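Enquirer: Handing you a structure now.
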Amino acid sequence: MSNITIYHNPACGTSRNTLEMIRNSGTEPTIIHYLETPPTRDELVKLIADMGISVRALLRKNVEPYEELGLAEDKFTDDRLIDFMLQHPILINRPIVVTPLGTRLCRPSEVVLEILPDAQKGAFSKEDGEKVVDEAGKRLK
């Protein structure tokens with residue numbers, strides 16, 4: 001079993017790039033398709049705490065439930081926002097990666113490089129062609 005977990009949405013380019021950077025470090029992570037298998041309340045609360053971000057910082061804004069539920073308004077408690085994320089997992093921003101070195105919301109995808117225990121094994125370019133890692137496994141920016 002891997003010591004790296006990614007909360008992944010295969011329809012998201014950032015999530016796909018993050019997954020491939022994990023694989024480029026020589027590790028096959030545990031992949032949780034969070035839209036199909038959302039975290040429990042306790043898991044979500046722990047992820048947020050471990051990332052050191054606010055509940056609202058994990059909330060996706062460019063999806064239908066955000067508008068429909070009026071989540072732009074600052075009237076909801078953190079507990080209520082978590083309820084909405086559990087009811088509508090599409091509201092959870094992604095990808096979230098958990099490693100022995102930390103937990104991060106990997107936006108942009110290069111954030112994952114900060115918490116991977118093993119170095120990149122070679123060059124890596126994002127799906128759009130942007131070069132992120134050189135042939136020696138070193139981050140370019």
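Counting starts with 1 at the first residue shown.
Just so it is clear, glycine is given a Cβ too, placed from its N, Cα and C backbone atoms.
Annotations for this protein, taken from Swiss-Prot, read as follows:
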ACT_SITE  Cys12  active site, nucleophile
SITE      His8  site 'Important for activity'
SITE      Arg60  site 'Important for activity'
SITE      Arg94  site 'Important for activity'
SITE      Arg107  site 'Important for activity'
Enquirer: Starting from His8 (site 'Important for activity'), work out which of the recorded sites listed here (Arg60, Arg94, Arg107) have their Cα within 10 Å, and give them in sequence order.
Expert: Arg94
Enquirer: Out of Arg60, Arg94, give me whichever of these recorded sites has the highest number of other Cβ atoms within 10 Å.
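Expert: Output for this query is Arg94.
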Enquirer: List the residues of the same chain that sit at least 6 positions away from Arg107 (site 'Important for activity') in sequence and have their Cβ under 8 Å from its Cβ, in sequence order, or write 'none'.
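Expert: Expected: Thr14, Asn93, Pro95.
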Enquirer: Ranked by the number of other Cβ atoms within 10 Å of their own Cβ, which of the recorded positions His8, Cys12 ranks first?
Expert: His8
Enquirer: What does the structure give for the C-alpha distance between the residue listed as 'active site, nucleophile' and Arg94 (site 'Important for activity')? Integer Å is fine.
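Expert: That separation, Cα to Cα, works out to 8 Å.
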